[in-house]
Protein chains: 2
Amino acid sequence: MIAYRSLRVALLGGGSVGAQVARLLLEEQEELALRVGAKLELIGIAVRDVNAERTVDLPRELFTTDAESLILGADVVIELMGGIEPARTLILQALGSGADVVTANKALIATHGPELFALAEQVGAQLNYEAAVGGAIPIIRPLRDSLAGDTVLRILGIVNGTTNFILDQMDSTGATLEDALATATALGYAEADPTADIGGYDAAQKAAILAGLAFHTSVPIDSVYREGITGITAEQIASAQKAGYVVKLLAVCERVTDPATGIEGVSARVHPAMVPRDHPLAAVRGANNAVFVEAESAGSLMFYGAGAGGVETASAVLGDLVSLGRRHVAGGPGLGESTHSELPILDISSVSTRYSVTLEVTDEPGVLAAIANVFAENGVSVELVEQSIQGDAGTATLVIGTHQAPEAALAATVDALSSNSVVTSVASVIRVEGAQRP
Amino acid sequence: MIAYRSLRVALLGGGSVGAQVARLLLEEQEELALRVGAKLELIGIAVRDVNAERTVDLPRELFTTDAESLILGADVVIELMGGIEPARTLILQALGSGADVVTANKALIATHGPELFALAEQVGAQLNYEAAVGGAIPIIRPLRDSLAGDTVLRILGIVNGTTNFILDQMDSTGATLEDALATATALGYAEADPTADIGGYDAAQKAAILAGLAFHTSVPIDSVYREGITGITAEQIASAQKAGYVVKLLAVCERVTDPATGIEGVSARVHPAMVPRDHPLAAVRGANNAVFVEAESAGSLMFYGAGAGGVETASAVLGDLVSLGRRHVAGGPGLGESTHSELPILDISSVSTRYSVTLEVTDEPGVLAAIANVFAENGVSVELVEQSIQGDAGTATLVIGTHQAPEAALAATVDALSSNSVVTSVASVIRVEGAQRP
């Protein structure tokens, strides 16, 4: 299949996310063309200083300081500058000129979303912003499309990685807020001025966006109640721990009925909260994000992943880009694009994984060496052996954990074990998944 | 905003999912019309027996046994019959007549997906099947759209609720497979003939669908390696537990390189596996489902929720329906539909939640009664009080957990406590979220 047309893509912003988006557009050009059904041609990157140092090596000729001219020649504009202006004006210009827009700009969507959505709808353009909340975690699209036929009742979101890292440090090490913040800063999880994060401002913008989407209404950022984590003490964390809770900074969006007036409405708020240790959100550690959604029909859903990072956020931006690119291509949303790959389907014997093998063996000297030899001869590396000697029959049970090994090698090992005189039986072979890979 | 046109929706199948879809289409007609920008008109429900008993009370005149005629008058056909035929023929007829299709039929997509997708692409129709994997959990759309610009490396999925319930029972109670299966059957989690579930056949169909989407290739169902849970013993579960693992039935889809030939390809397999207890999948309990995705740029993501159930699956079907309905409506994908709601934005004072209040009080008789009175007078119900008497100063610390109460009532309580003579200070007030609601 050959890409039969080209979409001209303009990038605004060359920071950590922008540089990764540009790299992926160049490196994955052929694969992306197959997925879209059209070539995605990066026509330029608008930056403040074309000579600034970049985290990624990109062709110098792509850079320009003239964002307005760049936009004029684009089918799609990706805005990754952040902040309100000039991002807002440039997006309005792009939509006005008929271009589709992808943005990761949470501050802009939270404060000027209605204006931008109205213009996009008026001109029939697409405006995607999956990367604005939860980094690489798909949450905008599930709320907008997958839950479009349901009634969302409540959202509990861990939507700021910095504060989750700090609270997790305090919870797991007993550190004070001050010390945990210092660790976060040293590890690059917190910025030099951490106010936007620990003050809850970043989370409040995301709460406004999530509430707007979930409840099909416009939720102004200044209607979001906001409390940061600055008042949280080691004593509070310890006390919560003792009571079976963990403290998280939550964005809470819910349908509520005012007890005084009986008026039904929606509320969005951000504040530290105690969450039961057996709640799925309690297991969200480090700088990760997760959004827990309760809907009338769907019940409880959770979306979990890395909430920030240049390359992670770039993944969400590219997902938005490919999705809107597909709609540009004639023939609409058919799924033919999902089967362009030439990758062969390999048999289970090609798979490598780890194994736990349980053997019944005769309990006599030299058995362990004999067994170990069988594994070694078949190219399977043993990670650990656990032996439990049994009562009377002169037999013992060995549980052998292997390093990663090909299925074919393991099958040969099991065959050899079965015919080995010291092995009474191969009681079980079970694969081990989800452990760290080498 | 008034819906300005109508989409004629035909439903094939009136079982537990179909009945819920019909109910929601009728009950939520106005809200759905606002979301789509067009009325969704249910024109009929094709069933084998119009007089059969239904789980939901629906207008008798909607039912028909003539599926073919029903399809001819439809803009959108929702197929919830299950099985290969006549579902396949009817979907081909629907697509051929220009209708869009929504289906929850995993067996059909896993075995005849390529044929259906090819026809849909050829005629420019939409074919959505979010409900085919993971019930209400959005996973098809995130893989198809959100991760469309990324490279998926591996998927580990718990995609069969029955087997997860059984394995969770064995893990938490030490039950045998036989006993756990009996419990699952008694609670309605397992069917009378549980072969499709415990043999891994259902999970294998879902693995084929996920692998096809993730790797943009066609993965035939008979290329999926399959092992069920029938060989799993209480001893294996206990041994895994001792070693820090939990046994799950996993659908594993990954990019692999054949060690013998060096050929790169993809593999899909279903088998029981030991998963480390600190892996997010280990926390997926009961009949829940979760899909863990590792992608090159996005890193690790997880999607979690109820994997089955009539109303949950209906949520996914309606999401597909609203999404494709929006594309029917002129003006395309603008997000104006997200802000049609008239719900007011309520202040934090309208919110009700639970609280943990820490007080420093004078340590003398009658203090607890005095404090309890303050809460009661302000309409806040106390769930538990924990007292830790301190050393020398004649003061004590009280931690008071409340039942759900309005913010306004709690604020009044805190005011009253602050001015009460037995209270030295209100050390902290923190909200409690994520606990069971009354």
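Placed from the backbone N, Cα and C atoms, the Cβ positions cover glycine too.
Taken straight from TrEMBL:
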| type | residues | note |
| --- | --- | --- |
| ACT_SITE | B:K206 | active site, proton donor |
| BINDING | B:L12, B:G13, B:G14, B:G15, B:S16, B:V17, B:G18, B:A19 | NADP(+) binding site |
| BINDING | B:K106 | NADPH binding site |
| BINDING | B:E191 | L-homoserine binding site |
| DOMAIN | B:356-431 | domain 'ACT' |
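Features per TrEMBL, on structure.
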{"residue": "B:L12", "record": "NADP(+) binding site", "Cβ within 10 Å": "26"}
{"residue": "B:G13", "record": "NADP(+) binding site", "Cβ within 10 Å": "25"}
{"residue": "B:G14", "record": "NADP(+) binding site", "Cβ within 10 Å": "25"}
{"residue": "B:G15", "record": "NADP(+) binding site", "Cβ within 10 Å": "15"}
{"residue": "B:S16", "record": "NADP(+) binding site", "Cβ within 10 Å": "17"}
{"residue": "B:G18", "record": "NADP(+) binding site", "Cβ within 10 Å": "29"}
{"residue": "B:A19", "record": "NADP(+) binding site", "Cβ within 10 Å": "23"}
{"residue": "B:K106", "record": "NADPH binding site", "Cβ within 10 Å": "23"}
{"residue": "B:E191", "record": "L-homoserine binding site", "Cβ within 10 Å": "12"}
{"residue": "B:K206", "record": "active site, proton donor", "Cβ within 10 Å": "27"}
>> Is it possible to get the count of other C-beta atoms within 10 angstroms of the C-beta of B:V17 (NADP(+) binding site)?
In response: 25
> Which value does the mean pLDDT take for the domain 'ACT' (B:356-431) in this predicted structure?
Replying inline: 89
> What other residues of the same chain, not counting B:L12, B:G13, B:G14, B:G15, B:S16, B:V17, B:G18, B:A19, have a CB atom within 8 A of the CB centroid of the NADP(+) site?
Replying inline: B:L11, B:Q20, B:V21, B:A22, B:I45, B:V47, B:L80, B:M81, B:G310
> Between B:G15 (NADP(+) binding site) and B:K106 (NADPH binding site), how far is it from one CA atom to the other, in Å?
Replying inline: 16
> From the Cα of B:K106 (NADPH binding site) across to the Cα of B:G14 (NADP(+) binding site), what is the distance in angstrom?
Replying inline: 17
>> I'm trying to understand the geometry here, so how far is the Cα atom of the residue listed as 'NADPH binding site' from the Cα atom of B:G13 (NADP(+) binding site), in Å to the nearest whole number?
In response: 15
>> Cα-Cα, whole number of Å: B:G18 (NADP(+) binding site) versus the residue listed as 'L-homoserine binding site'?
In response: 19
>> Looking only at the domain 'ACT' (B:356-431), how are its residues distributed among DSSP helix, strand and coil?
In response: 23 helix, 34 strand, 19 coil
> For B:G13 (NADP(+) binding site), what is the secondary structure by DSSP, using just helix, strand and coil?
Replying inline: coil
> For B:A19 (NADP(+) binding site) and the residue listed as 'active site, proton donor', what Cα-Cα distance in Å is obtained after rounding to a whole number?
Replying inline: 24
